[in-house]
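Quick look at what Swiss-Prot annotates:
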type: MOD_RES; residues: Ala1; note: N-acetylalanine
type: BINDING; residues: Lys10, Arg11, Ser12, Leu13, Arg14, Arg145, Leu146, Gly147, Arg148, Gly149, Arg150, Gly151, Tyr152, Tyr153; note: ATP binding site
type: BINDING; residues: Leu56, Glu61, Arg148, Gly149, Arg150, Gly151, Tyr152; note: substrate binding site
type: BINDING; residues: Asp154, Asp189; note: Mg(2+) binding site
Amino acid sequence: AAAAAVSGAKRSLRAELKQRLRAISAEERLRCQRLLTQKVIAHRQYQKSQRISIFLSMPDEIETEEIIKDIFQQGKVCFIPRYRLQSNHMDMVKLASADEISSLPKTSWNIHQPSESDTREEALATGGLDLIFMPGLGFDRNGNRLGRGRGYYDTYLQRCLQQQGAKPYTIALAFREQICPQVPVDDTDVSVDEVLYVDAA
């Protein structure tokens with residue numbers, strides 16, 4: 001019964017957050033994006049990380065393009081998610097350059113990602129990750145995260161623990177509209193180390 005209550009609470013919170021995200025103006029999106037990019041670039045954890053995984057944004061997520069460009073400018077190694085649709089399996093595969101993104105095929109969710117037949121270095125096979133930037137629909141101040149319900153990141157972080165013996169540092173990028181008093185969680189949900197967002201103008 002408890003599990004059903006949690007999944008019901010997650011469902012209704014997801015619907016509410018999607019609505020809140022749709023209401024954010026284009027100007028506000030740009031403002032948050034710029035300020036968050038600056039916050040990330042100045043962040044100690046980012047500066048000391050060499051192998052970084054970052055998501056390519058969906059329309060209702062913080063745009064990560066400028067951060068990706070900076071990762072390459074700083075000579076760091078960039079990995080992006082390759083989701084296996086119809087499953088909860090995801091790999092973090094190496095990106096050769098920021099310019100390469102636009103030439104990658106698009107998934108049914110309209111996100112660029114390398115195809116399954118495109119052989120690329122997977123982060124965990126070549127030394128793990130120092131830092132993972134996490135997408136999500138909602139977060140609370142304790143780092144609890146509400147994803148889109150597929151479990152890709154929770155499953156991947158478990159793999160990191162098994163294969164590199166430690167969880168990479170995790171930072172969520174969010175609009176303040178995504179910060180909730182409390183996110184409903186269960187045992188499989190992995191919390192994030194830090195949620196970065198921008199306060200009201």
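Cβ coordinates come from backbone N, Cα and C, glycine included.
The structure, with features from Swiss-Prot marked on it.
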{"residue": "Ala1", "record": "N-acetylalanine", "contacts (Cβ under 8 Å, 6+ apart)": "none"}
{"residue": "Ser12", "record": "ATP binding site", "contacts (Cβ under 8 Å, 6+ apart)": "none"}
{"residue": "Leu56", "record": "substrate binding site", "contacts (Cβ under 8 Å, 6+ apart)": "Thr64, Ile80, Pro81, Ile101, Ile111, His112, Gln113"}
{"residue": "Glu61", "record": "substrate binding site", "contacts (Cβ under 8 Å, 6+ apart)": "Phe55, Pro135, Leu173"}
{"residue": "Leu146", "record": "ATP binding site", "contacts (Cβ under 8 Å, 6+ apart)": "Lys10, Leu13, Arg14, Leu17, Gly136, Leu137, Gly138, Phe139, Cys180, Val183, Pro184"}
{"residue": "Arg148", "record": "ATP binding site", "contacts (Cβ under 8 Å, 6+ apart)": "Arg14, Gly136, Leu137"}
{"residue": "Gly149", "record": "substrate binding site", "contacts (Cβ under 8 Å, 6+ apart)": "Lys10, Arg14"}
{"residue": "Arg150", "record": "ATP binding site", "contacts (Cβ under 8 Å, 6+ apart)": "Tyr83, Asn88"}
{"residue": "Tyr152", "record": "ATP binding site", "contacts (Cβ under 8 Å, 6+ apart)": "Pro81, Tyr83, Asn88, His89, Met90"}
{"residue": "Asp154", "record": "Mg(2+) binding site", "contacts (Cβ under 8 Å, 6+ apart)": "Asn88, Gly147, Thr188, Asp189, Val190"}
Inquiry  = Please give me the CB contact count at 10 A for Gly151 (substrate binding site), counting all chains in the structure.
reply    = 17
Query = Within 10 Å of the Cβ of Lys10 (ATP binding site), how many other Cβ atoms can be counted across all chains shown?
reply = 20
Request  = Ten-angstrom check, please: count other Cβ atoms within 10 Å of the Cβ of Arg14 (ATP binding site), all chains counted.
outcome  = 16
Site diameter for substrate, Å, by largest Cα distance between Leu56, Glu61, Arg148, Gly149, Arg150, Gly151, Tyr152 = 18
Request  = Report, as a single number, how many Cβ atoms besides its own are within 10 Å of the Cβ of Asp189 (Mg(2+) binding site).
outcome  = 17
Request  = Specify the secondary structure state of Asp154 (Mg(2+) binding site) as given by DSSP, simplified to three classes.
outcome  = helix
